[in-house]
Amino acid sequence: MNNLKKNDKEVLEEFANLFPILLNEIKKELEKIDFPKESIHWIETVIKANSTGGKMNRGISVLESLESLNEGRALTRHEIFQAQTLGWCVEIFQACYLVSDDIMDQSLKRRGKPCWYKQKRPNSDQEVGLAAINDSFIIESCVFILLEKYFKNESYYLNIVELFHKTGFQTQLGQLLDLTTQPIRGDFSSINLKNHTRITEYKTAYYSFFFPVALAMLMSKINHEQAFTTAKDILLPMGVYFQVQDDFLDCYGSPEVFGKIGRDIEENKCSWMICQAILNGTPDQINLLKKHYGFDNPTDVEIVKKIYKEINLEKIFKDYENTSYNFLIDKIKTTCIYLPPSVFLKILSKIYKRDK
């Protein structure tokens, strides 16, 4: 039994130490089918490069949520291992979408390093390039190798496999919305908070917030529909709040701290920042934004950021952050009938006023 309460650093280290073991299991499965060594090395490199280096909040949330859901008793070593393994499945699952998202957005950096498609191929000076598309498929498939190996005999196996498929589909729908609601330059008719919220819920909130907690609930054999509804009602707004932070940091965050170079302005994104600028700007400012938003050159970007400063979007964001935090705290206190509030408070404490 695990009776000693670990601090955050110890939890992170223990979680990180499991990754090489799981990666080796994937390698062994590939060796069983006599796959070429060079190709196995490629797959190992792909998974390691894209699954590690982040904050690992989503993965660790599975274990932390399981602990909160089972307050009053210590988890067994087996339960801890299973939760950590599921957590890594979440992190690896996320990696496949980061790889494809960076290609579609033509991003340059991810977690402080060049995006995978911009990196050198294993044992080559050539860029990975569009081979990264297939790599994203492979990363996703490797998740199901791990799920089958470690959870096939669990009573909740089918439920977690279905949840992975459903979450993947929701994320893909979110990416579709993100790509197809990008307006024609100068046309702001589709840039509004309603569209922003819809994109965010599907692209970010489900897999980053609801997904890890729902996995812990399935491990705990919670099957009350209202419990899952409550979790969704709290975690989707939390995911929207998280994305708004991301949109703010995309513009104002330090690339060294944030881990990537923001490109929402250049890519004509339906970002919270431009939505607020349209709501709070003067007609002249909005006309200027229509002329300069969505163009990939420094002069246009600088003009957009200058207008953001004139509108004082930093203050608008800080007010939003405080309002959202209070809203979420109140929602947790008033709706947590079937689930302990600590499940959600722990997650909220990690993202409140974050800078990366």
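A Cβ is built for glycine as well, from the same backbone N, Cα and C atoms used for every other residue.
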TODO: From Lys194, Lys260, grab the residue that Swiss-Prot records in the same dimethylallyl diphosphate site as Arg110, Lys203, Thr204, Gln243, Lys269.
DONE: Lys260
Task: Same isopentenyl diphosphate site per Swiss-Prot - residue from Gln82, Gln94, Gln126 joining Lys55, Arg58, Arg111 - done: Gln94
Open item on the list: To the nearest Å, how far is the Cα of Arg111 (isopentenyl diphosphate binding site) from the Cα of Asp101 (Mg(2+) 1 binding site)?
Closed with: 14
Open item on the list: Between Lys269 (dimethylallyl diphosphate binding site) and Asp101 (Mg(2+) 1 binding site), how many Å separate their Cα atoms?
Closed with: 13
Open item on the list: For Lys260 (dimethylallyl diphosphate binding site), which of the three DSSP-derived states applies: helix, strand, or coil?
Closed with: coil
Open item on the list: Using Cβ atoms only, which residues of the same chain lie under 8 Å from Lys203 (dimethylallyl diphosphate binding site) while being at least 6 residues apart in sequence?
Closed with: Thr171, Gly174, Gln175, Leu177, Asp178, Gln243
TODO: Going by DSSP, give the three-state secondary structure for Arg111 (isopentenyl diphosphate binding site).
DONE: coil
TODO: Name the secondary structure element type, per DSSP in three states, that contains Lys269 (dimethylallyl diphosphate binding site).
DONE: coil
